[in-house]
Amino acid sequence: MYRTAAKRLLGGGGAFTATRLLRFPKLRSTIIPSSYTSGLCTSSVGGNAESPMGGNQSVNPNQSDHTASSSSSTSTGEGPRRDESRKPRAEFQEEQARVLSASLRHVPRLGWTEEAMMAGSRDVGVSPSIVGSFSRKEAALVEFFMDECLQLLMDKIDSGLDLQNLIPSARIAKLIRIRLEMQVPYMSKWPQALSIQAHPLNVATSFKQRAMLVDEIWHAVGDGASDLDWYVKRTILGGVYSTTEIYMLTDDSLEHRDTWAFLDDRVKDAFDLKKSIQEVFCTRHRSWSWEISSRTNEWSYADDVQKKWWYYVLKDHTFRHDSAPFLHNILS
Amino acid sequence: MALRSVSRRLGSRILNHRSFVASLHSHATSFGFQEVKEEDKSKLVGNVFTNVASSYDIMNDVMSGGLHRLWKERLVGKLSPFAGMKHLDVAGGTGDVAFRIYDAIYSVKRRALQKVDEASLEETQIYVCDINPNMLNVGKQRAAERGLRDNKSLVWVEGNAEALSFDDNSMDGYTIAFGIRNVTHIEKALAEAYRVLKRGGRFLCLELSHVDIPIFKNLYDLYSFQVIPHIGELIAGDRESYQYLVESIRRFPPQEKFASMIADAGFEKVEYENLVGGVVAIHSGIKL
């Protein structure tokens with residue numbers, strides 16, 4: 001699911017193959033609804049597990065797959081029946097994607113609401129009652145939009161965005177700017193979208209989408225970390241992105257100039273923070289080794305040297321690599 | 001003497017077995033646990049409902065302990081009615097579901113919260129179709145009590161679920177609550193539902209269904225076969241009709257089978273939701 005992992009698995013056989021792998025499996029796992037009312041349980045017949053296979057999908061290969069799905073068994077599950085039932089299921093996904101994509105046009109006027117989706121369904125030529133079958137209706141629309149933006153971003157990165165000449169912080173700023181600019185047409189209704197995403201039922205999906213977005217940006221910047229650093233980097237970038245997004249809501253400046261300045265400041269802050277943390281880590285490591293060596297009762301000549309070396313270093317209140325002169329002093 | 005009684009018992013057991021096997025897959029010829037000819041079934045069902053029409057609502061309340069109201073609310077909630085929709089409620093004689101849909105569309109709260117186009121409100125049409133005129137009369141009476149006698153949005157139509165008098169692709173929604181069990185040929189009713197729905201239209205079916213949970217199943221069977229016919233006798237004065245009712249529930253296909261029948265009729269995204277552990281199930285599908 002994540003580009004870094006996929007690339008490593010494929011042995012770096014071209015970024016192209018990595019993206020092909022990512023696009024066609026589902027971008028998100030299906031959400032199985034839990035019984036949130038007593039005595040209710042849902043099952044579905046005919047299978048809802050696959051997205052359409054192959055690259056012959058339309059311009060928009062992502063599927064808003066939030067519909068209820070658990071087992072994909074029909075009671076009389078013969079082979080041909082199962083294949084047939086898979087095709088219609090894919091058709092519903094396509095139809096849903098079509099309706100949601102048409103509804104986006106009505107969002108600036110009607111908001112992220114059922115009305116926008118019903119207007120969208122009328123545009124496509126489908127009865128508005130299909131909207132009643134979308135799970136978590138408004139959330140479906142918002143999540144579809146987020147997926148679309150992520151896909152657009154990935155396309156832009158693949159089609160040769162000039163990132164090599166920029167330092168990492170500038171690259172990140174550029175990518176976040178590109179992504180946030182996609183939201184500009186919907187800015188008047190974006191607070192509503194944020195509140196929909198913050199709703200307890202929808203938090204899980206929106207969190208996952210943001211995690212994917214952040215991972216995508218780091219991957220494009222050229223990050224190869226895989227340990228604890230990976231989480232820290234993504235968390236910080238997630239924070240930068242969210243704060244900029246919220247700042248943008250109240251920004252009236254021309255072409256959102258203030259927002260981009262804010263973004264640059266935040267990215268700079270993040271990188272400065274990283275440097276500060278690195279410095280603290282080095283210092284601590286040294287003082288620990290000093291502690292340990294000072295507590296040993298038996299120490300050899302080498303230890304003695306080391307202890308004196310540390311003493312001189314600390315006395316100087318400096319933590320520099322050029323403590324070599326002190327060493328020479330001791331040894332001579 | 002003993003031999004005769006034994007042979008009678010054996011004979012009846014063999015006869016039962018044979019008839020049970022023969023009718024294993026035929027909903028069309030079953031009237032509860034009895035076997036009837038196909039042509040007669042609709043007449044017999046008609047008689048049942050003619051008898052129970054006047055006390056239908058009270059009996060529903062008593063048998064389900066008032067839960068049927070919640071089930072119907074859930075059905076209408078799933079439907080998400082909207083202003084301007086053309087909806088068909090089949091076998092909805094006394095109008096329970098239709099009135100709920102009407103309220104959902106016209107509720108003041110909803111109109112205040114959402115921008116509803118008044119013109120589209122005018123276009124809303126809720127058709128209530130039932131094969132039994134007595135049930136429709138009860139419904140019309142209840143409409144009059146609510147002040148909706150002359151309302152253009154509610155239309156009461158007499159018709160057969162297997163041969164609807166509506167045009168193709170004319171309905172946004174189709175509901176059938178506790179009615180499909182009484183239809184002679186379920187496949188025909190489903191095919192008709194598919195025919196009248198528009199593209200994107202939803203099919204919703206609320207029906208008493210099969211319980212699988214071990215101990216609860218036994219309790220439910222006990223309640224169905226021992227208590228309900230007695231209540232029927234006490235309140236409605238008609239034991240046989242309610243005996244037919246509980247037997248027809250057992251004869252109806254289970255949830256998965258019914259869902260596959262709906263899928264066979266052409267519907268997509270076929271799902272079902274069990275309420276009260278399977279006592280009631282809401283099946284839904286979309287025509288695409």
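Glycine is no exception: its Cβ is also placed from the backbone N, Cα and C atoms.
Record features (TrEMBL):
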BINDING   B:Thr94, B:Asp130, B:Asn160, B:Ala161  S-adenosyl-L-methionine binding site
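Features recorded in TrEMBL, as mapped to the structure shown.
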| residue | record | Cβ contacts under 8 Å, 6 or more apart |
| --- | --- | --- |
| B:Thr94 | S-adenosyl-L-methionine binding site | B:Ala53, B:Tyr56, B:Asp57, B:Met135, B:Val138, B:Gly139, B:Arg142 |
| B:Asp130 | S-adenosyl-L-methionine binding site | B:Val90, B:Ala91, B:Gly92, B:Gly93, B:Leu136, B:Gly139, B:Glu158, B:Gly159 |
| B:Asn160 | S-adenosyl-L-methionine binding site | B:Ser42, B:Ile131 |
| B:Ala161 | S-adenosyl-L-methionine binding site | B:Val90, B:Ala91, B:Cys129, B:Ile131, B:Ile176, B:Gly179, B:Ile180, B:Val183, B:Lys188, B:Ala189, B:Glu192 |
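For the recorded site, B:Asn160 (S-adenosyl-L-methionine binding site), the DSSP three-state label reads strand. DSSP assigns B:Thr94 (S-adenosyl-L-methionine binding site) to coil, not to a helix or a strand.
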